Amino acid sequence: MRASLSLLYAAIASVVLAAPWDETWDVIVVGAGPAGLIISNRMSEAGKKTLLLEGGGPSYYSTGGRQRPKWLDGTDLSRVDVPGLYKSIFADQGNLTCTDSAAAFTGCTVGGSSAINAGLFFQPPASDFDNYFPDGWKAKDVKSAIDKCYEKLPSSEVYSQDGKFYLDSGYQAARKWLVDGVGYKEVQFNKQPDEKNGTFGRTVFDYIGGQRGGPTRVYLKEAENRTNFHLEMYTRVQRVERDGNTATGVLVKPVNGSVHTIKLNSGGRVILSGGALQSPQILMFSGIGDKAIQSNLSRAGVLDIKQAWIDNNAVGDGLFDNPNTFVELEGPTIESYVQNYSDPIKADADEYINHRSGPYSFASETSAFWDYVDRNDGTSAGCQGTIDSSGFGDYKSNQTITLNVYGTSGLKSRGKVILNDKLLPGPSPEVYYSDPQDAEDIATFIFRIFQGLDPTLLKPLNLPLNSSQQDIRKYITSETPYTRGEVNHFSSSCRIGSCVDTNTQVKGTTNIHVVDASIVEPLTVNPQFGTMIAAERAAELILKLK
């Protein structure tokens with residue numbers, strides 16, 4: 001019923017508004033990812049006539065998404081709705097990702113990356129905001145934003161609707177290793193969000209009723225009920241149109257359509273929420289950024305030659321992603337499990353379809369843990385591990401699981417958003433291990449936890465248990481299928497205080513904002529919750545502006 005109502009509202013909206021370029025708008029939001037969905041909902045809630053533009057198409061069934069395997073026929077589920085199918089998107093992206101608009105794996109669909117990722121939903125510790133964010137964005141400042149996120153998406157460690165934990169052998173083995181062996185403290189992460197120093201616990205997801213949740217399920221649903229809100233899919237923004245330093249609208253090209261200009265009302269605002277790669281690209285195409293790239297963009301014909309370049313060297317600078325390492329682990333108590341897209345075990349498929357329970361009710365990560373590595377200069381680096389329910393690469397026995405190790409907050413390597421020969425945005429090589437301190441910190445983390453690992457419980461397969469810290473550092477920075485991987489948790493490419501001001505307004509402009517992971521500093525946890533917090537906080541600040 002809910003899906004049918006959502007489609008009905010969308011159909012009504014399409015009748016009322018045939019073409020968004022025939023209207024003028026108070027707010028134009030570019031990108032229907034987590035931040036774009038939140039900020040557009042809050043703008044329309046405040047009475048602003050709000051247009052949300054998405055370059056991709058539908059994802060969840062409720063948005064019109066119909067990509068799915070045959071075993072889901074007859075249900076109101078798309079492949080996106082089923083948490084256990086998220087890994088399949090890496091193999092068959094199915095028009096859900098930015099293959100034609102970014103030189104990286106990221107979501108280009110309603111929900112953005114929140115429609116294709118695992119849905120991990122960890123609240124950042126207060127120290128992230130107090131240590132790395134400017135005044136106005138400290139922990140006390142974002143408290144109301146965090147409360148608003150929980151009001152919409154309450155988190156839970158129990159995702160299967162029958163209240164049971166599945167694929168639990170990896171969790172139990174990891175608990176014996178890290179809690180009993182290393183001495184980590186077992187916690188409930190979102191009930192104790194500041195506990196990230198030597199802590200272990202179950203994963204937390206933002207699922208709703210055993211299905212993928214996220215901002216699409218709540219914020220978009222609310223916004224679609226308002227007559228002053230409209231979502232237009234398959235419409236890619238080429239640049240912000242401006243008169244000097246003031247945005248007047250956006251230049252768009254719908255799929256298989258002609259170029260149009262969508263105009264702002266007087267006093268209106270453009271809010272870029274295309275993600276940490278594409279928002280900087282749009283700013284560059286709009287003649288805002290490092291002046292060194294102006295001539296290349298001029299030759300490519302993407303700039304409005306009537307407008308003077310706005311020099312802002314921080315656009316695209318400081319790009320961050322978590323460097324990751326896979327450690328394959330094998331143990332006698334492990335029962336590996338791989339969720340199958342097209343041919344699942346019938347009993348497991350039935351359990352999910354009929355009861356939203358079983359192995360397909362979550363995205364295969366069974367546990368997570370954190371610690372900080374303190375440095376001699378008084379700073380520290382965060383490190384995170386997650387345990388997956390199966391092996392990877394050459395290590396896929398029925399007794400193998402994968403430990404994924406991330407470097408997180410406090411890492412020093414920074415890169416840039418660079419444009420390739422097709423002008424698609426992607427990460428520069430400096431994003432990963434350009435500062436050797438990062439490798440030292442992550443190697444220290446792995447070396448520490450290896451010291452408490454009983455090889456009769458779990459045996460590392462691709463990285464020997466007796467490796468020295470130097471051996472680990474050399475391995476994690478080498479080029480293998482298990483190392484130097486892009487996690488695609490891109491953030492920090494248009495930072496508050498340098499690229500945008502504390503109201504998220506792009507420096508050098510009067511009414512252009514960036515609200516997405518671009519403005520979020522590297523966090524100790526997966527970036528989705530932090531991005532949502534940033535969007536809620538930005539909405540509060542933008543609505544206070546004249």
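Each residue's number is its place along the chain shown, starting with 1.
Backbone N, Cα and C define each Cβ position, glycine as well.
Automatic, uncurated: that is what TrEMBL annotation is.
TrEMBL lists 1-18 with the feature signal peptide.
Residues or ranges marked as domain 'Glucose-methanol-choline oxidoreductase N-terminal' in TrEMBL: 107-130 (among others). Taking Cβ pairs closer than 8 Å, the domain 'Glucose-methanol-choline oxidoreductase N-terminal' (107-130) reaches residues 31-34, 36-37, 54-60, 63, 65, 80, 83, 86, 89, 95-99, 101, 137-139, 141-142, 146, 153, 155, 189-190, 193-196, 203-207, 212-216, 220, 231, 233, 275, 363-365, 368, 386, 409, 488, 521, 523-526, 528-530, 533 in its own chain, all 6 or more past its ends.
Neighbour list (PRO527 (FAD binding site), Cβ cut-off 8 Å, at least 6 residues apart, same chain): HIS489, SER491, ALA517, VAL520. Taken from TrEMBL, the feature FAD binding site covers VAL237, PRO527, GLN528.
DSSP places the residues of the domain 'Glucose-methanol-choline oxidoreductase N-terminal' (275-289) in helix, strand and coil in these numbers: 11 helix, 2 strand, 2 coil. TrEMBL lists 275-289 (among others) with the feature domain 'Glucose-methanol-choline oxidoreductase N-terminal'.
Note on the domain 'Glucose-methanol-choline oxidoreductase N-terminal' (275-289): residues 30-31, 33, 98, 101-104, 106, 112-113, 237-242, 297, 302-304, 307-313, 315-316, 319, 417, 419, 423-427, 490-494, 506, 508-509, 512, 514, 516-518 of its chain, located 6 or more positions outside it, place their CB under 8 angstroms from a CB of the stretch. Counting other Cβ atoms within 10 Å of each Cβ, the lowest count among the binding-site residues VAL237, GLN528 belongs to VAL237. Secondary structure by DSSP for the domain 'Glucose-methanol-choline oxidoreductase N-terminal' (107-130): 9 helix, 3 strand, 12 coil.
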